[in-house]
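Notes to accompany the following structure.
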2 protein chains.
Amino acid sequence: LLQKNTQTKLMHLLILCWTAVIHYYQVVLKKPLTVPYRHMFGPGPSNVPSRILEAGANPVIGHMHPEIFEIMNDIKSGIQYMFQTQNKMTLAVSGTGHSAMECAIFNAVEPGESVLVAVNGIWGERAAEMAERIGARVNTIVAPPGGCFTIEEMEKALSKHRPTLLFVAHGESSTGVLHPLDGIGQLCHKYNCLFLVDSVASIGGAPVYMDQQEIDILYTGSQKVLNAPPGTAPISFSERACQKIFSRRTKPVSFYLDLSWLANYWGCDGKPSRVYHHTGPVTAFYSLRESLSVLVEEGLENSWERHLKVAEYFHAGLESMGLKLFVKEKRLRLPTVTTIVAPYGYDWKEITSYIMKTHNLEISGGLGPSVGLVLRVGLMGCNSSRENVDMVLAALKDALKHCHKSKV
Amino acid sequence: LLQKNTQTKLMHLLILCWTAVIHYYQVVLKKPLTVPYRHMFGPGPSNVPSRILEAGANPVIGHMHPEIFEIMNDIKSGIQYMFQTQNKMTLAVSGTGHSAMECAIFNAVEPGESVLVAVNGIWGERAAEMAERIGARVNTIVAPPGGCFTIEEMEKALSKHRPTLLFVAHGESSTGVLHPLDGIGQLCHKYNCLFLVDSVASIGGAPVYMDQQEIDILYTGSQKVLNAPPGTAPISFSERACQKIFSRRTKPVSFYLDLSWLANYWGCDGKPSRVYHHTGPVTAFYSLRESLSVLVEEGLENSWERHLKVAEYFHAGLESMGLKLFVKEKRLRLPTVTTIVAPYGYDWKEITSYIMKTHNLEISGGLGPSVGLVLRVGLMGCNSSRENVDMVLAALKDALKHCHKSKV
């Protein structure tokens with residue numbers, strides 16, 4: 001009897017608990033969603049113009065309807081333009097930039113194969129980690145934050161390690177370095193190696209010629225220069241990359257990112273019909289298409305030119321304030337994401353917090369190997385303008401005036 | 001001299017080609033995006049109410065801003081409610097349903113471990129393929145399309161194969177079967193096995209009690225009963241699942257889907273600060289949160305009840321038309337996706353095409369093992385109403401009148 005009494009009490013207690021939990025759900029989820037507007041001048045995501053947001057609010061249609069295939073074909077054309085390639089194996093991964101990085105590595109590399117990673121910031125570190133996870137033999141060449149690699153260093157490492165894949169980050173957004181690409185593709189092919197380039201932070205803001213520079217796999221994200229919401233990741237594969245990928249002995253570890261399935265879904269494999277693979281994020285495709293339309297309207301060369309000019313104007317402004325640029329050599333400065341040496345005597349976190357609080361503006365600190373060393377400002381796509389530079393410079397001046405400075 | 005001439009000609013030809021390509025990009029991408037409105041009564045994605053579409057068109061904020069963490073916390077609460085769980089390890093994967101399936105398998109299984117998959121449609125087939133790709137030893141039990149498994153069959157297979165993970169699809173949308181779940185969790189734990197359930201097509205439309213039914217990993221997609229756009233996938237892990245996952249000897253193959261990173265990003269690991277993992281699809285999080293708000297407003301039990309009532313009304317209507325339901329036993333019929341035996345003497349493709357063309361309404365044919373056998377109608381979330389049933393029935397009547405019927 002006593003035991004039964006205890007059971008009943010316990011049950012009542014459980015019901016009470018669950019009621020409290022349900023009440024909590026109702027309270028939090030019955031509050032309407034509120035999202036502030038903010039100047040997104042960090043390393044990404046950048047601001048999304050209402051034109052692109054509205055495109056993404058169009059009604060959902062099927063992931064296998066003819067209309068979505070047409071939209072996907074348009075996206076393919078836009079990516080080919082942005083990447084300066086005629087690769088038919090061009091598509092967008094249904095995930096953010098990291099999923100494109102995995103898509104590249106998962107498909108191009110088989111367990112036991114050798115991969116060479118040029119590490120001069122966080123993206124190299126992450127590419128190396130991804131390749132290791134799938135059982136590749138990974139070798140790295142490492143440059144200090146802010147540095148990059150010469151062609152000679154690349155050749156030395158290629159001839160030593162004889163990798164099947166070389167990874168280079170074109171826009172190393174953690175350090176602000178724009179890595180020169182000319183000649184590396186040709187070098188890779190001399191050593192029978194595929195050339196994989198991360199252009200998440202650079203594409204559309206700095207010249208990349210996928211075909212001419214003999215890049216075998218190139219990917220980016222939607223949320224940087226393209227000014228679309230994060231969630232899709234353009235990627236393209238050369239004929240040479242496809243030859244290796246489609247003669248693999250093992251299946252890639254991921255079904256979701258398996259290029260043979262993706263190629264069919266995106267109509268890149270020449271087959272007459274498309275087979276259901278996964279449910280493509282159709283509304284994200286709408287906004288990605290719209291962002292590519294914006295790029296086509298401006299013209300790629302004009303976009304490169306604008307990003308460069310605005311960056312130069314910004315850099316001059318920073319230097320005239322007495323701030324130092326983290327990347328010494330001008331030609332190695334990423335025009336999309338600028339790294340500023342963390343101002344001496346200040347706590348960088350106080351600066352970014354002050355600017356967020358007072359100016360409703362995001363700039364950020366370092367990432368990975370650059371934490372504590374830099375402030376990072378991203379002016380990408382529609383955000384790359386002289387007006388925005390003036391806004392950031394004013395915010396920085398204000399922060400340096402109002403934040404604590406040690407007496408040192 | 002002759003050779004130089006040829007080179008010049010070739011260069012001119014190349015420039016001409018490229019100009020033509022550029023012109024093509026401009027033509028296709030300068031056409032404005034147009035998306036038709038359509039009744040999405042296939043197996044998903046379903047229609048997205050404007051309230052949820054508009055939520056997704058809010059301005060982009062940072063993936064590490066405090067406001068997005070609050071939105072992610074709200075999503076977590078909403079998923080806990082929908083899944084009827086108090087698991088702290090509850091989050092949404094930044095991809096579609098298949099990526100959640102991979103997230104579950106990649107994290108829960110190490111190479112060489114034994115996995116048991118209950119295959120009664122396409123989802124079991126795909127889960128088996130995913131587990132094989134990462135080097136698991138996969139065993140299956142197979143039921144014909146439309147069938148499911150008894151507790152005795154489950155126990156026999158568990159005791160024979162001693163797997164570390166059992167996969168069951170709760171809503172097998174390819175065949176229209178709602179698989180009973182009661183007792184399987186307890187059975188799995190008797191055999192020291194984790195219980196993984198796919199509820200992509202069922203959750204919110206049919207009862208699932210994650211904690212009570214001792215489900216260890218449960219996932220779904222955003223685009224079915226939730227009526228959000230495809231692109232995010234709710235998932236939850238029990239304490240038991242976490243214990244296995246966090247004592248792995250090897251790293252999961254995917255960095256993007258690694259639970260230890262995701263747990264930190266979603267604030268599920270109790271650590272004081274969140275580290276940058278990937279750029280969460282913030283606008284997709286907005287619409288996911290809104291869709292969970294809608295569910296909380298209606299109440300989960302009310303939603304189950306409505307889906308069941310509407311399905312019964314639909315099934316009665318189909319039978320009164322002389323059509324046959326593919327799943328014979330009433331209690332095994334999925335209330336969200338109905339499979340109708342492909343009408344005798346007709347070409348199913350002609351029926352679905354006719355209905356799309358004439359009624360602007362999507363219903364679909366079979367998938368995987370059910371191709372050619374069935375028509376599939378999904379009425380999920382806001383689409384589950386008597387009015388929509390009447391619309392589908394009228395469209396079907398019209399199609400059967402106008403489509404070709406063989407004399408047989």
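Each residue, glycine too, has its Cβ placed from N, Cα and C.
Annotations in TrEMBL come from automatic prediction, not curation.
What TrEMBL lists as substrate binding site is B:Arg376. B:Arg376 (substrate binding site) falls within a strand segment according to DSSP.
Annotation source TrEMBL lists domain 'Aminotransferase class V' at B:61-391. Averaged across the domain 'Aminotransferase class V' (B:61-391), the predicted model reaches a pLDDT of 97.
The N6-(pyridoxal phosphate)lysine annotation in TrEMBL covers B:Lys224. Secondary structure at B:Lys224 (N6-(pyridoxal phosphate)lysine), as computed by DSSP, is coil.
Per TrEMBL, the feature transmembrane segment maps to B:12-29.
Between the recorded positions B:Lys224, B:Arg376, the minimum number of other C-beta atoms within 10 Å of a residue's C-beta occurs at B:Arg376. Taking CA atoms as the reference points, B:Lys224 (N6-(pyridoxal phosphate)lysine) and B:Arg376 (substrate binding site) are 14 Å apart.
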